[in-house]
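*Asks:* Below is one structure. I have some questions about it.
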Ligand code: BES
Ligand code: ZN
Ligand code: ZN
C-alpha cells in the first residue's frame, strides 16, 4: 500500500471515503451533500459511530464508489476512533475491489490534521495486513493500493508537513508488521536461531547493532535460570542483544527493553492441555514487539539510546528437561524453586533483566511478555496488565497509551503479594498459587531488578494475540505494544 498526501481529483480515482459526524452531516461538495441529506431523510445514514454506507456515482464520466463513514459525535472524537472506524470503511473499499482511493480527513477543531493523517496511515496499512505466505492458493496476488489522504483545508505548505506525519505513520506500521510476522510464523520455522538471524537482518536494514550469543556464552554468563528452561529442547538457545545509539554524546541515558522470547511453550513437564498449546508459537510476542520497536526507532533516527535483550529458547520435554521440584540458580545468584515448568517465562526474563542491568548498565527497564493466562482472564484481549516500581514511568506509559490506543492498566503490588512467592527451601519460587497470577509473575521478575533501577513490566498475554479479527487487526499476532514503545522512546529524544 502506498499512502500519501498528494492531492488527487475525484475524477482520477475509483473510490472516496468520506467521514462525517452525526451532529454535522454537512459537506462542502453540493452534489454529495444532496445525497447525504436524502440518505439521512430516508433513515439510511445518520453518521453514528461505525456506520458505513456505500453508493456509486458518476463524476465527469468517471464512475466511483463513495463510502460514507459515521464517526459519532464531534465532541467524542479521538485518534483511536478514527483508526477503528476508518478500518471498517477501508474494508468496504477493498471488498469493492478499489485500489486507487481518496480518504477525506474530517474537519474538526478537536484533532490536529497532521496527527490525524498519521493515525489514518497506521490504520490503513495495518488494515491491509495479511499473513498468507503459507497458502498455496494465495488469493490473486494482492494489488498495490494507492491512498491519497486529503482535506479541503490543505494548502501546499501544509501538504508537505502532513506528508512527514504520513511517513512516520508508515514507519510505525512497518514496525508493527515486523512484530506480527514474527509472531505468526509457526514454531517449526521460527526457533531461537531463526529469531536471532531475523533480528540481525533487521539490524542491518534499519541501523542497529545485533550481538548473538549461543549456549556456551549463556552458560559462561551464569544464566542458569534461562538455561534450565532451554535445556529440554534440541534447539540451541540464543541471547539476542540489540543496541541503538542515536544520541552518542549521552551514552549514560539508555532505555532498556526486554522481551520474552519463548519461540514455543509446550509447558514442559507441567504440560499444557492440547487446546492451549497451538497458539504457543506466539510466546515470543514480547521479543517480536521489542524487535519491531527497534526497527521503527532506528528507521526514524531517534536522538536517544536504547538497548534491547531477548533470551530466546523453547520450553520442551525430554530426558534433559528441567522438572517440577528442581531448585535452580540464576545469573543474579538467587536460587529458585521450580514448582511449575509452565511458569518458564519469568525464569528466562529474570536472567535477561539481570543481564541488561549488570552487563549493559541500563538503569531503566521496560520488559514485555506473554506471561500469564491470568492477564487474559482479568483484562481480556483489550488491555495490557502492568506491574511497576516507578509511578512516574507508568504515567509516561499511560500518556503514550492514550495516544496510541494500546490500552494499559496497572495492577497493585502490595507486600502481601510478595509473600506468595517466598519459597520454603530456596530464595524464591516460580509460582504463587492460583490467585493473583499476573501480579505474582510480575513481582517475581521485579525481584531480579537491582535497587535504583526503574522497572515496567507489561503482561501482553491477552493483547499480543487475537483469536478473532478486530478493527485494523486480523486473527493472530497484533504487534502490540510496538506503537507505544516507539512513542515512549520518541518522548525521550534529546532535542
Ligand atoms: N506462555 C504462558 C502464558 C500465556 C497463556 C500466554 C495464554 C498467552 C496466552 C506462560 O508461560 C504460562 O504458561 N503461564 C502459566 C503460569 C502458571 C503456571 C503460574 C499460566 O498462565 O497458566
Ligand atoms: Zn508457560
Ligand atoms: Zn510461556
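Glycine residues also receive a Cβ, built from the backbone N, Cα and C atoms like all the rest.
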*Asks:* Please state which member of 283, 326, 390 TrEMBL lists alongside 260, 265, 344 for binding Mn(2+) 2.
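*Replies:* When TrEMBL describes the Mn(2+) 2 site, the candidate it includes is 283.
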*Asks:* So which residues does the domain 'Cytosol aminopeptidase' (340-347) touch in its own chain, when a touch means Cβ under 8 Å and the partner is 6 or more beyond its ends?
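*Replies:* Distal contacts: 225-226, 228-229, 260, 262, 265, 267-272, 283, 315, 321-324, 328, 330, 369-371, 430-431, 441, 444-445.
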*Asks:* Under 6 Å from ligand 1 by Cβ, which recorded positions from 265, 272, 346?
*Replies:* 265
*Asks:* Does residue 283 (Mn(2+) 2 binding site) have same-chain partners at least 6 apart in sequence with Cβ under 8 Å from its own Cβ, and which are they?
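*Replies:* Residue 283 (Mn(2+) 2 binding site) has long-range Cβ partners 260, 262, 263, 264, 265, 315, 345, 370.
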*Asks:* Using DSSP, what is the helix/strand/coil residue split across the domain 'Cytosol aminopeptidase' (340-347)?
*Replies:* 3 helix, 0 strand, 5 coil
*Asks:* Between the Cα atoms of residue 344 (Mn(2+) 2 binding site) and residue 272 (active site), what distance do you get, rounded to the nearest Å?
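*Replies:* Roughly 12 Å, rounded to the nearest whole number.
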*Asks:* State the Cα to Cα distance, in Å, between residue 272 (active site) and residue 342 (Mn(2+) 1 binding site), rounded to an integer.
*Replies:* 8
